[in-house]
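Notes follow once the structure below has been shown.
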Amino acid sequence: VSYNNLASVDDLMGHYAQALMYYEKALLLYQENLPDYHHHPNLVCLWSNIGLLYKNTGEYTQALVHLEKALEAALVCFRSDHLDVAVSYNNLASVYSDINDHSRALSCYEKTLTIFEANLPESRLNLATSYNNVGVVHKNMGNYSQALFFYEKALNIRRQALPEDHPDIAISYNNMGLVYANMNRNAEALAFYEKALLIQQKTLPSNHPDLAMSYNNIGLAYDQTAEYSKALSYLEKALDIQENMNPTNQHSLATCYNNIASVHQSTKNYSQALSFYTKAVSICEKSLPANHPNLATSYNNIGSVYHAMGEHSQALLFFEKDLEICQQNLPKNHPDLAFCYNNIRLVYLHMGDESQALSFRQKALSILNSEDRLTTN
């Protein structure tokens, strides 16, 4: 138990290697002292903690291995409708969601929902969280009407169970805003973001990460309507919070840098865009596996700035890095690969290498099978 507690502290502080060492020592003690340690209730928590640690470090295969062990132990130790079983399904779903395995994420979240529905009224706030999580998966799948349906169910429970200015209600407003943003309904998105922000400014400290999220969302909404000075104002407020947070929030900081860079890119302030994109990629290279999709996005962003600046050899270098990761992670006929090929085609075209440009054009068209989906600049 002491090793597990020490590990939990290190885990919260982002000291993942140290935390893992303590978790493994705790696991070894269970192995040495319990005859059937695999199915001991304490192992549910321990394997869950190890799995979530691997999730936080982007080691998703190891995360799934340990979270599946946690679920197996939970199903042996507890009734199938026990809340700890629901938590195990929820943890697995969160990893599947991170790796964009939406069908498995949805399946696990729906099992979580079923358990919480069987444990009403004590689990009604957990049920709201589950509705929210199912909504997130539907949003990521592009099922926006379904996402709104589940977000509204979550919001209705929270409104009934919580004070009207509770931060969880603000989370619901933010999530609904994100769906409207994806539907290009920016006025509605902004209205929900501002509702969220009003609650958060009343109830949260000025450096709270949820405030950073709202500032970020409002900034992106203004970016979409080309109100770039307003966008930068809100994104810089988000950045002020993110830069002063603990190391576990490096991913959010990288996202913030990327968003600010994108606004600078839109206003053709390429040197500033490059500066912020470079900060983002530096974080990603230190904290993510070398083939992580977020790195591909970062390399693409930097490549696009160099291309706009006319620095074609640098653009080519970063577009090729993007392509390499995409080839490792995506099926050969995935549309994202076509756009990687097209980016490289455009660079070769501007360099006057028509042979290479034609080669990459053909690779892109073999996936898209439609010339009109390619840009011609």
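Note: Cβ is positioned from N, Cα and C throughout, glycine not excepted.
Nobody curates TrEMBL annotations by hand; they come from automatic prediction.
Taken verbatim from TrEMBL:
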- 86-119: repeat 'TPR' (REPEAT)
- 128-161: repeat 'TPR' (REPEAT)
- 170-203: repeat 'TPR' (REPEAT)
- 212-245: repeat 'TPR' (REPEAT)
- 254-287: repeat 'TPR' (REPEAT)
- 296-329: repeat 'TPR' (REPEAT)
Secondary structure content, the repeat 'TPR' (86-119) (per DSSP, counts of residues): 30 helix, 0 strand, 4 coil
Residues in the repeat 'TPR' (254-287) grouped by DSSP into helix, strand and remaining coil: 31 helix, 0 strand, 3 coil
Rounded mean pLDDT for the residues that make up the repeat 'TPR' (254-287): 95
